[in-house]
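As annotated in TrEMBL:
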DOMAIN    2-89  domain 'Bet v I/Major latex protein'
């Protein structure tokens, strides 16, 4: 099931020389029919020549029959790998 978030709010962005953090919250769209709330946090921390990216998905289901948002986790993973590939060129 591919559900879409039509309106996403950028709640918070923090950026400095060694770290980047962004919180995105879905406000409306098909996905809100099965989740009371859903948000994604992405954080990138620089440590010397290495960078660690951490994604966290926070959500509350309408009921227990609703599946976990695995597709969002897959998108986050693929996006991170694409960015890594680009930076390693």
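Glycine residues also receive a Cβ, built from the backbone N, Cα and C atoms like all the rest.
Because TrEMBL annotations are produced automatically, they should be read as predictions rather than curated entries.
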Take the domain 'Bet v I/Major latex protein' (2-89) and count its residues per DSSP category (helix H/G/I, strand E/B, coil), listing them in that order.
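DSSP composition of the domain 'Bet v I/Major latex protein' (2-89): 22 helix, 47 strand, 19 coil.
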On the 0 to 100 scale, where does the mean pLDDT of the domain 'Bet v I/Major latex protein' (2-89) fall?
79
